[in-house]
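Encoded as structure tokens, the structure appears first; notes follow it.
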Amino acid sequence: MKSPIRISVTGATGQICYSLLFRIAAGDMLGKDQPIILQLLDIPNARPLFDGLVMELQDCAFPLLTGLITTDDPYTAFKDADIALLVGARPRGENMERKDLLEANGPIFIEQGKALNAVANRNVKVLVVGNPANTNAYITLKNSPDLNPKNFSAMLRLDHNRALSQVARKLSRPVTSIRKMIVWGNHSNTQYPDLSHSEINNMPVTTLIDDDNWIAKSFVPTVQKRGMAIIEARHGRSSAASAANAIINHMQDWIFGTRENDWTSMGILSDGSYGIPEGVVYSFPVTCNNGHYQIVQGLELSDFDKRKMQKSYEELITEQSTIMHLLT
Ligand code: NAD
Ligand code: LMR
């Protein structure tokens with residue numbers, strides 16, 4: 001029997017977590033032989049919902065769920081955490097950009113960064129989902145100075161999966177046949193979904209798409225604006241089940257490794273690769289191995305690619321300047 005892994009999840013009574021926690025407890029994230037302890041955080045007002053959630057988790061009689069803590073104290077929630085999924089934050093509504101949430105959500109990640117710094121396992125893997133995810137991840141890692149910045153990531157996997165799915169549908173090919181997709185930049189509508197390195201059976205995807213306009217006119221804007229399309233379709237509620245699924249995919253690849261001859265997109269602290277200066281949480285193509293990610297190097301970029309990537313970088317710098325007062 002393996003020893004249990006401690007998974008802290010914030011925003012536990014919200015809609016993403018209602019799709020996420022039961023899948024984690026069933027073994028979908030860490031495997032069917034890996035016991036887990038869930039350490040769930042939400043605000044004090046969430047107490048009645050917490051009671052219902054706990055009853056439902058108990059009623060599933062999950063064999064792998066060996067411990068369950070609910071709390072409104074981040075220091076309790078993150079104690080010895082091996083994995084921290086920072087979902088808890090306000091979602092945007094219609095007619096809002098994700099960065100409009102910075103004022104409301106930024107302070108949450110200051111407090112949680114400090115708590116992670118104080119009590120989490122020193123090798124904790126942190127995934128920030130709450131929006132705007134990249135800048136919130138930046139705030140969190142800046143408030144965790146004793147932890148390695150490589151332990152922190154922001155979620156771009158939903159965008160990556162959206163991009164895979166658009167191509168699979170366009171070409172009537174299985175999603176798994178598509179390799180080397182990239183979503184660069186910010187989890188916002190300046191993100192740059194980039195097909196130019198993608199392959200199916202070693203053939204460039206761009207040569208398989210016979211419609212010149214499709215990439216610029218359909219693929220890129222559909223992926224960039226999918227979050228708002230879902231909010232509108234769901235009468236104001238943002239994506240939840242697909243976000244939960246992306247959290248599971250992101251953590252699986254980070255922990256168990258990306259598949260051979262493929263990569264994924266993760267929001268991570270830039271190291272200067274591809275001309276993106278150090279010091280922003282930016283999505284790059286990465287491979288993962290032995291629990292560590294590495295930016296894929298050596299990809300050729302066109303001037304068009306560079307302009308798109310720069311635009312998303314500049315947006316992140318603007319977001320950072322909005323919250324700089326919170327960091328000092
Ligand atoms: P929700 O409103 O249903 O749930 C949010 C939960 O967070 C609530 O239970 C709330 O009480 C809790 N919360 C608020 N402040 C908290 C704090 N300080 N500590 C702990 N919990 C706190 O929202 P949701 O639909 O679950 O979405 C959560 C966040 O995820 C939003 O910011 C949303 O925009 C974002 N999101 C990101 C992605 C992505 O791809 N990165 C995808 C979907 C949603
Ligand atoms: C998404 O991409 O679905 C989420 O970030 C929610 C949103 O605000 O778009």
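Just so you know, glycine gets a Cβ as well, placed from its N, Cα and C.
Site annotation (TrEMBL, ligand substrate) includes Arg98, Asn131, Arg162; from Arg92, Arg169, the additional listed residue is Arg92.
From the candidate list Asn105, Asn123, the residue TrEMBL records in the NAD(+) site shared with Gly11, Ala12, Thr13, Gly14, Gln15, Ile16, Cys17, Asp42, Gln112, Val129, Gly130, Asn131 is Asn105. A C-beta separation below 8 Å, combined with a sequence spacing of at least six in one chain, links Cys17 (NAD(+) binding site) to Val9, Gly11, Leu40, Leu53, Val87, Ala244.
Applying an 8 A CB threshold to same-chain residues 6+ apart, the list for His187 (active site, proton acceptor) reads Arg98, Asn131, Pro132, Ala133, Asn134, Ala154, Met155, Leu156, Leu158, Asp159, Gly267, Ser283. Within the same chain, residues at least six positions away from Arg92 (substrate binding site) with a Cβ under 8 Å of its Cβ are Arg98, Asp100, Leu101, Asn131, Ile231, Ser238. For Arg162 (substrate binding site), the nearest of the binding-site residues by C-alpha distance turns out to be Gln15; the candidates were Thr13, Gln15, Asn105. Counted within 10 Å of its Cβ, the other Cβ atoms near Arg162 (substrate binding site) come to 22, all protein chains included. When secondary structure is read from DSSP and collapsed to three states, Cys17 (NAD(+) binding site) falls in the helix class.
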